[in-house]
Amino acid sequence: PPPRRMYRKEKSIQLKSSSAALYNNLSVLRLPGRQLACFSAVHGPSVNVVSAAADGLGFSHRQLQAKEGGMAVSTSVLTQAAWCVLPSRVLLVLTSQKGIQMYESDGSIMVYWHALDITEHPPAEAVFARGIAAAGGRFICVGTSSGLVLVFDIPPKGTNITVSEVLEEHHDAITDIAAELGQAPDGAGDLVTADDAGTLCVWSAGEEFALLSKIPAFGCTCSSVKLWNGVVAAGYGNGQIRLYEAATGLLRAEVNAHARWIYALDLAPQTGKLLSGAEDSFVHVWKLSRNPDTNDVEIEHCHAECVTDTQVCGARFCDPEGNSFAVTGYDLSEIFRYSQA
């Protein structure tokens, strides 16, 4: 039987330009107050930032450009944009072929620029940063094409941002980074990094980051990763979602979730709902849970949404319960929104 219809389509949000075919090409920031949110999606050298007006009816738009040391450069292509929510502040982080830009959350002021060291790469190799996550209360972690993970120490205010550590465990380009969204069991770690080869590393964040487990690749890119209650949820190029134990790296479940390459995963921290979006034009909602008796990780399918003729490249829940979500698609100049019926 067809799955239950849990969500219905809402009014779309128009974008100034379409979304590029990049992994995780949608970020959502919830603002305090009723139903307020900001959305961002990348297209070429610019990112579209859309914020909902207080009345919930109008939207304001801002476009930020890829920059190099504060100068706009038309040649640099952005690879990702994501809001990083720390206890003391929220920053909008952009990654590109040139480096890493950090802005105040509304995109008004650039507070930090970090240039990528081109000299470390062979001339023929693409150089870029990709994979962005806040971690450990005061850090922002950003991945690079050489497999390094840069750990930035973020002060409560101001521009005195420093690279406190460089994690050198991956040998392939970083695809995605995620922080623990729920309550990690003891020893389960609070950060996971993924790369092009499909290798996953689980870390404990702190003054010094410690590697807790390394989950080997199995011949498939991991494009998107999430961490919830000590469970790593990873989406792959073969359309699979795999669930691992963060503390041990043990495989707990695998689901043939999509017919084609997965581009985005998201997790609703309060309910354990998992969102997946892929090239096959489908968005699925799943429910993760732990069996209280056996401690097994369980996954249940809740909802399927076909975004007709669209290669889904971004999918994010818009609230911590997972009652609503938003979707971007390659070459699509709008953000589709869905909420629980």
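Cβ coordinates are placed from backbone N, Cα and C, and glycine is handled just like the others.
Remember, TrEMBL labels are computer predictions, not curated facts.
Look at TrEMBL and you will find 6-340 tagged as domain 'WD repeat-containing protein 54 beta-propeller'.
Per TrEMBL, repeat 'WD' is recorded for 255-296. Tertiary neighbourhood of the repeat 'WD' (255-296): same-chain residues 6-7, 21-26, 181-182, 223-229, 231, 233-243, 302-317, 319-322, 325, 327, 329, 338, selected by CB-CB distance under 8 Å and a gap of 6+ residues from either end.
Broken down by DSSP into helix, strand and coil, the repeat 'WD' (255-296) contains 0 helix, 24 strand, 18 coil.
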